[in-house]
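J.: Pulled from Swiss-Prot, these are the listed features:
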- 29, 30, 124: divalent metal cation binding site (BINDING)
- 23-215: domain 'RNase H type-2' (DOMAIN)
């Protein structure tokens with residue numbers, strides 16, 4: 001059963017309104033805390049009860065194809081949504097936890113800036129970003145709360161798309177398969193080529209690679225230089 005984790009640190013207003021009074025429940029989740037490369041993404045979603053979406057679940061248990069299908073449905077049917085991120089530089093400066101909080105804060109603020117203001121924000125996990133709305137953390141919320149499930153899907157798909165773009169620029173690293181996580185393939189590429197500017201220098205395997213080899217910055221001659229797909233956060237029209 002979903003519950004508020006009252007003992008966890010709360011960074012926002014944690015006085016949740018009565019459930020019956022909530023008209024616009026905003027689900028928030030992040031994607032990409034663990035990888036060695038790429039931004040950390042977050043999404044905020046307010047679902048439309050008049051336009052239900054079947055199949056919403058924690059993005060981690062869905063196939064890539066199913067996530068893509070649901071991504072399009074969420075963007076089309078949700079009352080409002082916003083995707084944001086924190087950069088690799090922000091991750092290295094703030095640490096991954098605080099960068100994740102920043103990405104989630106940006107997602108909620110972006111949604112509210114569109115004119116779709118939440119009555120209550122529910123965040124997956126045991127910590128909340130600082131936002132000017134009632135907010136609560138829901139442990140395993142991505143599996144328990146449909147709006148959080150939707151947010152997890154948007155964040156995951158958006159981040160995976162950016163890592164596939166990064167693969168076009170640095171195919172040696174295999175970003176299209178591991179999307180930045182520390183797989184044996186990725187660690188082997190770090191050992192052979194060193195780290196790129198898109199790697200998180202504050203993460204131990206990247207620090208170790210930089211201690212052995214200079215930064216790998218050259219673009220592959222055969223790859224087209226493509227701008228990242230998520231340089232600007234996006235919000236649904238009302």
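Backbone N, Cα and C atoms are what each Cβ position is placed from, and that goes for glycine too.
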J.: For the binding-site residues listed here (29, 124), which one has the lowest count of neighbouring CB atoms within 10 Å of its own CB?
T.: 124
J.: Neighbour count, 10 Å Cβ-Cβ cut-off, for residue 30 (divalent metal cation binding site): what number do you get?
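T.: Around the Cβ of residue 30 (divalent metal cation binding site), 29 other Cβ atoms lie within 10 Å.
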J.: Can you tell me whether DSSP puts residue 29 (divalent metal cation binding site) in helix, strand or coil?
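T.: Looking at the DSSP assignment, residue 29 (divalent metal cation binding site) belongs to a strand.
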J.: Determine which residues of this chain, when 29, 30, 124 are set aside, have a Cβ within 8 Å of the centroid of the divalent metal cation site's Cβ atoms, and list them as they appear in the sequence.
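T.: Near the divalent metal cation site, the remaining chain residues are 28, 31, 42, 43, 104, 123, 125, 141, 142, 148, 151, 152, 155.
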J.: Can you check how the pLDDT averages out over the domain 'RNase H type-2' (23-215)?
T.: 97
